[in-house]
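> As annotated in Swiss-Prot:
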ACT_SITE  Asp14  active site, proton acceptor
ACT_SITE  His42  active site, proton donor
BINDING   13-19, 41-43, Arg314, 340-342, 422-424  GTP binding site
BINDING   Asp14, Glu15, Gly16, Lys17, Asn39, Ala40, Gly41, His42, Thr130, Arg144, Gln225, Thr240, Arg312  IMP binding site
BINDING   Asp14, Gly41  Mg(2+) binding site
BINDING   Ala308, Thr309, Thr310, Gly311, Arg312, Gln313, Arg314  substrate binding site
Amino acid sequence: MSKNVVIIGTQWGDEGKGKIVDLISDRAVSVVRFQGGHNAGHTLVIDQQTTVLHLIPSGILHDHVECLIAHGVVLSMSALLKEIAELEGANINVTERLKISPGCPLIFPYHIALDNAREAKCGKTAIGTTGNGIGPTYEDKVARRGLRAGDLLNPILFASKLKEVVEYHNFLLTNYYGTAPVDYQVILYEALSQAKKIKHMIIDVTEKIHQHIANDENILFEGAQGTLLDIDQGTYPFVTSSNTTSGGAVTGSGVGVTDINYVLGIVKAYTTRVGSGPFPTELIYNVSTNKGDAIGKVLGTVGHEFGATTGRQRRCGWLDMVTLKRSFNLNAVTGICLTKLDVLDSLISVKICVAYKLNGKEVTIPPYDAKGYTDAKPVYIEMPGWKTSTIGTNSFDSLPIEAQNYIHKIEQLANLPVDILSTGPDRTQTLILKHPFE
């Protein structure tokens, strides 16, 4: 019997979702992206060759896998065509296997201009977006003025809609933000030129998904970013503009709630965050000055914690079970995939946050707002480290006993099994204890 599996990041993103999607998508007929845009970066390492994907589903490296970009994704045609060219330059067949929903909101230069103008105006209080126009594009979608991929199929109507939207956003850019306007004719010409290259990929993605379900075929839904960046459930306002939880797979692709059979929650063995926002277990280290917490330096250096999309330094800290348990509930996680265990290999001891001290009380339920997270002080348990390499370990029993104990403690606190264990960046450096499609 087939399964529909959702892969979700349970922290602030960068948990290692891309590698796991690539790993288990060999069992799937189709891989579906359902939210976000090219602000996400999924890094795959296969036979020591690194591929970074931003829009195209991570199943693209398997020749038999169909890759679907559903209507919950905001689409930059420029970013998509660049990614296609890079993959096809590496002899990977993309255009015959990639399909795009007509409902995908399109990202244009005025979205990027607005994104950057807002961040500049906010100054030190800026959220720290990727500057790719994601937020303004979702705003246009909700305001019902956005242009979608399906509009490209009617160039005359597209041009008319675009003119109206450009006038609106140019008013904002010039009169509120005091920045230069964008050129309608330049945007129109570029968009229609790009449309010629992607129009043949635009199909009813939702119907395609339901055909696979009717045919009893495995489907993998690939989440981007992480639960704590969810527009509704994350550390608002330091969040992204889409629903990054498993519920987003339903609304962002058009399947029903009961169509989902298994949710794999990706958990990094420590915690990272890019950009601004509260981070209770952060071990502050600044790579540019080489000053700060020694453990934070180890996590960032050994873990190569720099954003795949922006190149920015990721902030690092201990594993936070307070936020994770909330994430597991929000996503109805079935099993855990624990990644980057090997980054902890050199540490004498490891810590897990099991509660917060907030307003003089010890709490195990996370606060609802960013200020509460900022005020929260972590309460840790400390466990012995293993000081032995776990990279490429080929069985659970061959792990150091201290590493096994760390994993078992996570399972105990989460009340969930660790079904997959990643012990290195390469596809082969993974222990599958229970396959999500079985």
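Note: Cβ is positioned from N, Cα and C throughout, glycine not excepted.
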> Can you tell me whether DSSP puts Leu341 (GTP binding site) in helix, strand or coil?
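SS state of Leu341 (GTP binding site) = helix.
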> Looking at the recorded positions Asp14, Lys19, Leu341, which has the shortest Cα distance to Asn39 (IMP binding site)?
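Comparing Cα positions, the closest of these recorded positions turns out to be Asp14.
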> Among the binding-site residues Thr130, Gln313, Thr423, which residue has the fewest other Cβ atoms within 10 Å of its own Cβ?
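Checked Thr130, Gln313, Thr423; of these binding-site residues, fewest Cβ neighbours within 10 Å: Gln313.
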> Specify the nearest of the binding-site residues Gly13, Thr130, Gln225, Thr423 to Arg314 (substrate binding site), where nearness means the distance between Cα atoms.
Gly13
> Would you kindly give the Cα-Cα distance separating Thr130 (IMP binding site) and Lys19 (GTP binding site), rounded to the nearest Å?
22
> Sorry to bug you, but what's the C-alpha spacing from Gln225 (IMP binding site) to the residue listed as 'active site, proton acceptor', rounded to the closest Å?
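Distance between the two Cα atoms comes out at 7 Å.
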> Rounded to a whole number, how many Å is the Cα of Gln313 (substrate binding site) away from the Cα of Thr130 (IMP binding site)?
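Gln313 (substrate binding site) and Thr130 (IMP binding site) have their Cα atoms 13 Å apart.
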> Where does Gln313 (substrate binding site) sit in the DSSP three-state scheme?
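In three-state terms, Gln313 (substrate binding site) counts as strand.
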> Taking Cα-Cα distance, which of the binding-site residues Thr130, Gly311, Arg312 are within 10 Å of Gly16 (GTP binding site)?
none
> With DSSP assignments reduced to helix, strand and coil, which class does Lys19 (GTP binding site) get?
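Note: Lys19 (GTP binding site) is helical by DSSP.
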> Find the shortest Cα-Cα separation between Thr423 (GTP binding site) and the binding-site residues Thr130, Gln225, Arg312, and name the residue that gives it.
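It is Gln225, whose Cα lies nearest.
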> Highest Cβ count within 10 Å among the binding-site residues Gly16, Gly41, Arg312, Leu341: which residue is it?
Leu341
> Measure the Cβ-based neighbour count of the residue listed as 'active site, proton acceptor', defined as the other Cβ atoms within 10 Å of its Cβ.
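By my count, 29.
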